[in-house]
């Protein structure tokens, strides 16, 4: 590693508020850094004004540096509090839970001064509770750990090793947005909410700088380079060394440094790419134009929102119903009234069905507004949302591949959704999303740019697989139809027959989806019809193989090969490959694992 | 596999048989007692056939399954890859390279303890790359788990 910090002048004017790394000599070292090779002026931008540099920054009353934008999380970083502005949000957030008890007190006690007093006490109590909770919660970055200290009743310290942080999720709900606050969530891959850290709420600037610090710290730890890893991995390991530098305003000719040997795809998308902004080593990989929001309803996402809304309303009516004296009898009366007006009922249902795509589209647009995917310092950051803006950072080093998903209707319009396959990512359905519904060519470009290209055509599976797909799509319905017919339910029987007929194109389509391929770095498998998914996974992510063969598969001479991957769903199956074909596929990807057993008599 | 594994599988299949047969008996009893109009008459009249069929079909399997499993189940460690084959009607082959192993567990249930058998569970970051090898002789399992753990530590590769 060279020392670009002192050698390279900054082509852009560094933000004056930023700490200038050139002030800090290489003499200042942080003990958490594992090796001298990693030291350089680059990372010292994240350092606290320590003993090595007395009085470089003036300190605020809390011993905190007052310089805005500086990153005051040093080796023994001072404990910090959440933004006090969150106190304005907390009571509002508690209001719904307080509303019913308050109403109860007021109703039960009559509108007497005493009951008003009690109510005031309740409100005051909740405010005091919020203040005390705020005052007793601190966080600090200490060495290579983040410590969250809660001292409300009993003192509890949650320590999160930065090494474990796999992604950072910054969300700004509407209220937070008004007050320029953000919620920062740490994904530690521990699974479940218990182990994950949440800071609610920081100022937006603080959240950004804390994210930079957390991500820089954790990416310094070098890892043994796994065998067979591609060039992309090499650059990814080197990339963190540049992080600190870039963050502090020394530009390192952006795009070429962040581990993308795939510049063809970048230039193909011209204007959006190559744009760097601010003081980050940042590049926008993809930005979804507003006109593409119209593809949203095709995915089927949020289509059920009208029903969910109605269910919510009914639930609310019953919840509040106790107070308003709505009971089962009245509800039944309403139902009988509706039964008496079938036209109204039909109109309602039609309205609801018409509302499905509209409301679904609106919800989709609200959640996926201005979806932007960018790289920043070895991270992929996906930002989206109209009301609540959400930014999810995924560490590139942990990304093992991607998944392209399209449904039946989406395929007609040639649009797909894109997910990243990330090791140890909790809630990967929402966090791993790299693109909402976008045209396939665009999504493939973005995936190639952000993760890696995969152009090898998929190998089809043998014809027995088609027979099996057809059989499995048709027979169950035929059996149901036969049973219904025997029981004398003609209507149900004919419905099942129709479904069985529909099973023919479905089975054929399922067969057409099947495929697998390997291009030397990544393997890919595809299956499904109503929801077709193509996974592209790096070879080095594979932790094992499972070959499965049911009795029926053995009779057809096919088997299912599952590539075990410590990321995403855990296993990616190539369904119903030919017996030899499947074993060859596994042996092709990892010859040194499978090879010996092909020769062994135990197969 | 240890030969005693046959006994273990026999016990397990007996338990499975008991559950299925009991379930069928209960179902037949319930169908016979209820006069649910939806069911055609011939079904409730012949409900006693159900446990009979279940018994006749499953009883031979109780004996066949353990023997068949014994013929199928294999495991070996060579070239730092664990290979395990299991199943009887359906088969499963698992390949786990030692370098990707995260934990190696050795477990013993009641019956296994009585039969001096043990199960070695090999865990990786993925369920599809994890393997459970059942019915090993206790000493063999202990040695195997030990060796795997040692080798895994030497070869640990943190790619995932």
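Heads up, the Cβ atoms here are built off N, Cα and C, so glycines get one too.
What TrEMBL lists as compositional bias 'Low complexity' is A:1-23 (among others).
Taken from TrEMBL, the feature compositional bias 'Low complexity' applies to A:34-59 (among others).
Annotated compositional bias 'Low complexity' per TrEMBL: A:264-276 (among others), in sequence order.
Residues or ranges marked as domain 'YdbS-like PH' in TrEMBL: A:134-212 (among others).
Within the model, the domain 'YdbS-like PH' (A:511-581) carries an average pLDDT of 89. Per TrEMBL, domain 'YdbS-like PH' is recorded for A:511-581 (among others).
Look at TrEMBL and you will find A:1-76 (among others) tagged as region 'Disordered'.
Taken from TrEMBL, the feature region 'Disordered' applies to A:218-238 (among others).
Taken from TrEMBL, the feature region 'Disordered' applies to A:251-279 (among others).
Taken from TrEMBL, the feature transmembrane segment applies to A:92-111 (among others).
Annotation comment: TrEMBL describes A:117-136 (among others) as transmembrane segment.
According to TrEMBL, the transmembrane segment annotation covers A:300-322 (among others).
Look at TrEMBL and you will find A:342-367 (among others) tagged as transmembrane segment.
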DSSP-assigned states of the domain 'YdbS-like PH' (A:134-212) in counts, ordered helix, strand, coil: 20 helix, 37 strand, 22 coil
Per-state residue totals over the domain 'YdbS-like PH' (A:511-581) - DSSP helix, strand, coil: 15 helix, 43 strand, 13 coil
